[in-house]
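Going by TrEMBL, these are the annotated features:
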- 27-334: domain 'Gcp-like' (DOMAIN)
- HIS118, HIS122, ASP328: Fe cation binding site (BINDING)
- ILE160, VAL161, SER162, GLY163, GLY164, ASP193, GLY206, ASN299: substrate binding site (BINDING)
Amino acid sequence: MYILGIESSCDDTSVALLDCSDDSFVVLAEKTASQVDVHKKYGGVVPELAGRMHAENILPVVEEVMNEWREKMGEQHALPDVIAATTGPGLITGLLVGAEVAKNLSYFWNVPMIAMNHIEGHIHSVFVSQQTTDNSKQNAIPLSVDRSPSSLTFPALCLIVSGGHTELVLMRDFGEYDLLGKTRDDAAGEAFDKVGKLLGFEYPGGPKISKLATDGNTNAIQFPRPMLKSDDYDFSFAGLKTAALYELRDRPLQNEQEKKDFCASFEQAIVDVLVEKTKRAAKEYHVHTIILGGGVSANPKLRTELQIMIQEMPQAQLLVPSPQYSMDNGAMIAATAYMKAKKKEFTEWQDVVVNPNWEVYDK
Ligand code: KG4
Ligand code: ZN
């Protein structure tokens, strides 16, 4: 099944064309127009600007992907079998652009459409393999067996960590989700970005903090581990951000090594809480799979510590996305849509409604 995936919920206009089957999601063409250079001046994503840029970028990006795919197919007028677009959660300004383009294409091409949840996309990003992006189906390396959706064993625990979300979601089957816990204030990525800003980094600060942290001492500063011991699966990162602010105010960093130590200590505090709560939930719900998703899943420290944790759980497997599919991308939207298309869960274009607050576990 050929699926066109469109993602525009934040600051990336990303479109991908995938060849999907039960065993693999092969990326045949993809293109992302990033807006980071525009937003970095403002220290975060400006919704109004994001909407305008999505509107400018989306058709050229769709055109490029379609041309590339058609060239490969050797067919000038080939159409996908399904069009999928993120319709929530996210910034309304961007969601509207992606949804409207998908609706138009669905109408004019007479191709069924699926309205996709962004978080569900991140969950399925683990099935999109980097190796498949050499853009040639013939040369694509198939996903290893334990990476194919057909081998996912339930229940699965999804740790979703992005700029807007930090959630532990229990996945009982494809499309069946229950919320176990979520952040009560800032998301993990948001905390990284805000503290990055305090350190003078351009948006997004997360990748810069994690890069400097590599050479830092994680024990240099004792940052709090908010809600580590709380009797639930909720998170809170606003206090940690304030602790970072006071630390910088009271003990300004003197040199590059102190900056690295600060980053390493801060990153460790976030990772400790995420890993501990994930571990506890995995044990309580006897999960067979742990899925890591969302932009913060690119964080090497978090990936490594989850890898260490899973070794103590012989009954469970850990699935993490290829780093290139950790951040927002159209491929994960197309991949998720395949699971819906198999069940014929299409949305008539007339019935598509964008919802900036659509939770993946909403029934
Ligand atoms: O999922 P995503 O691309 O967009 C949202 O849906 O929010 O996530 C973006 C977030 C940003 O907050 C960014 O700082 C964070 O992911 N991020 C990281 C790293 N790479 C991206 N945070 C920590 N370490 C990283 N290596
Ligand atoms: Zn995202």
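Using the three backbone atoms N, Cα and C, a Cβ is placed for every residue, glycine included.
Counting every protein chain shown, 25 other Cβ atoms lie within 10 Å of the Cβ of GLY163 (substrate binding site). Close contacts with ligand 1, defined as a Cβ under 6 Å from any of its atoms, occur at GLY164, GLY206 among the binding-site residues ILE160, VAL161, GLY164, GLY206. In the structure shown, across all protein chains, GLY206 is the one of the binding-site residues GLY164, GLY206 with the greatest number of other Cβ atoms within 10 Å. A simple way to gauge crowding: the CB of ILE160 (substrate binding site) has 26 other CB atoms within 10 angstroms, across all the protein chains here. In this structure the C-alpha atoms belonging to ILE160 (substrate binding site) and HIS122 (Fe cation binding site) are separated by 8 Å. Looking only at the domain 'Gcp-like' (27-334), the predicted model's pLDDT averages out at 94. Taking Cα separation as the measure, ASP193 (substrate binding site) is nearest to ASP328 of the binding-site residues HIS118, HIS122, ASP328.
Distance noted between the C-alpha atoms of ASP328 (Fe cation binding site) and VAL161 (substrate binding site) is 12 Å. Within 10 Å of the C-beta atom of HIS122 (Fe cation binding site) sit 30 other C-beta atoms, taking all shown protein chains into account.
Ligand 2 lies within reach of ASP328 from the binding-site residues VAL161, GLY206, ASN299, ASP328, judged by a C-beta closer than 6 angstroms to any of its atoms. ASP193 (substrate binding site) falls within a helical segment according to DSSP. Apart from HIS118, HIS122, ASP328, the Fe cation site neighbourhood in this chain, defined by C-beta within 8 angstroms of the site C-beta centre, holds GLU7, SER9, CYS10, THR86, GLY90, ILE119, GLY121, SER125, SER162, GLY293, GLY294, GLY295, ASN329, MET332, ILE333.
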